[in-house]
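Noted in TrEMBL for the protein shown:
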type: BINDING; residues: A:98, A:99, A:126, A:127, A:128, A:129, A:168, A:197, A:200, A:222, A:252, A:278; note: pyridoxal 5'-phosphate binding site
type: MOD_RES; residues: A:223; note: N6-(pyridoxal phosphate)lysine
């Protein structure tokens, strides 16, 4: 036990990202292992929130659309996101939610493959992705098929009747990470367009959209990107597709000349066509500031620390002698996102007991304890302390207390 | 001149809503006549912005979805909006943008009138409404027609081949206000469903959605409702339509059981089906607090003050002897929203010169000076002062200075 604490100390001392923790506000006494649901609050975001409300809105009023560049905010944020996601400028823009953006991309992709009638995704995908495909198919009159592929046999299942493959890079339950480059290449060999959902990728490890020859992508910004609850999402359309791309949510912000108020829609050239209504300036400004914490972070170092934190978590389970209580359901290291998942029949109650003891993890139905590793604000000492408290809960069977049964909703 | 100033003083002294001005932050020396583009900052919104970021996000982290009721926020805000819009609970929810919500409503309405193929709107409608209809028609394969009706002959043009009439209650240029009850009744006589866009109505005067037997409505919350730049929009679906209603942006938040993560979409009963992705919690919380300023405001008093402010503005133009410079293009009093519009060949430059002199009005292409009257934070003295400064600009032809030519983008 003492030796594992000493190990944590040594690892923290050698951690090249250790200084980033001070850029976040974390509540006293809380160890936060749910940054993959909602990232912690960066100080830069807190400062900007005050500025955008008090100074930009309060003092600047309508003139801030120009004076504080609100009108270009979706592009400025898109450009910052591009640096984290390996996308050259002009291919990413910040807008709407993942769900709404998927609707745009799926609609556009089907138009680009008019002779094909299958949308493929994995059965294990995050439900909203599947639901949006269902909604679109219903709207288009039912002439398309939604095909659910098995994650394990993904590559074999890519056949040339599929118009578009919509796939989340990291499984939200198990943390299994797909090889973006390999899957995209195989899909392209069959003439399939690929939409990547980067919800659990963005800000968790390096993503190489352009290098992987990705067609389309969406993602949210409130997880590893720390943009705040319900922060706006993003959408990526590779340059080579933009001339042909047409999406149906043709709102005025995506018009070639939004302020000409012309009576017919003419899409903007390039990625801006994806803007629909007026952007949510306050939330997007806070996100813009939150992204500043990444400016001096080498993404390879981020990935290394993420993997090291997960390895250390496993070591702590051994050191505290509780590995036997939990059934790991996550992949080998090279196939991991930045989370671990364990099955336990009482996973829900364990999660609640852990929260009561100051460690916020997450539960995913039916029986998964999900642990997120946000490398920018977690220390190795945090991990050791979290496992130590988990050991007490498991050894004393504290989770059997009925108080830990009441259901929470978390995203 | 002195007598008009004295009149302003008397009107302010007798104003039953005069005390509301102190609930807003307004920058020193600025008279704000653009609350119909972006409402001013309520102190309640400023306080909540700090609370939702620092305490709810920062301290509460993921647990705030329950502890601070983020999960029900779209409904709580919807319910507050319902009180301002004459809608019983369960018919309004806060989400997305007007553009995205119109897409939902138009899609659903067309499904409810499968034998009809015309979407009708006014040629004078706000462009995003028209664009969204165009995008939907394109997506559905072009078998529908978008028919642009003339505002003046609206009622005669309602024929029984129209599936849905989409109409903005107050014209964004002229301020012409449609009679919701009469138009809805005439449309229903022809079997037409009606979607009302309340962008320039909500918070400007009493709206009676239920009493008018409205079918559907959308609106934004950053104008007279003071929700902040890009604050989320709302959508109304009358109870009697909810069982039949199905919209295509079927994201997880509109699922009957969002946290069951089931692999097929099953729409929630009632208005909640309109939620798609994760709500923008920060912006929506700020809006929630901003709506508190309406709690003690009788909407009839709001309307009376709005009309009185506009009458007083006209009186001030006469008193300052500048009425002849400007061509009114707004309707008679009973058909007005809460704005006035004047044509002038140099409207743009006049607007810029006025801004330079501390009075923020608005310009709408090609030649309209648009003046918004937000009754909660404008005094009669403000109006007199604004017109006095306008008189100087017009009399001295100050607007001819080239510095006032550079184009701004404003919403």
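Just so you know, glycine gets a Cβ as well, placed from its N, Cα and C.
Those TrEMBL annotations? Automatic predictions, nothing curated.
Among the recorded positions A:168, A:200, A:223, none has a Cβ under 8 Å from a Cβ of chain B. Among the residues A:98, A:99, A:126, A:127, A:128, A:129, A:168, A:197, A:200, A:222, A:252, A:278 said to bind pyridoxal 5'-phosphate, no two Cα atoms are farther apart than 31 Å.
Each of the binding-site residues A:126, A:252 was ranked by the number of other C-beta atoms within 10 Å, and first place falls to A:252. When other Cβ atoms within 10 Å of the Cβ of residue A:223 (N6-(pyridoxal phosphate)lysine) are tallied across all protein chains shown, the result is 28. Neighbours of residue A:223 (N6-(pyridoxal phosphate)lysine) among the binding-site residues A:98, A:126, A:128, A:168, A:200, A:252, defined as a Cα within 10 Å of its Cα, are A:200. There are 28 other CB atoms within 10 A of the CB of residue A:98 (pyridoxal 5'-phosphate binding site), with all protein chains counted. Around the Cβ of residue A:128 (pyridoxal 5'-phosphate binding site), the number of neighbouring Cβ atoms within 10 Å comes to 26.
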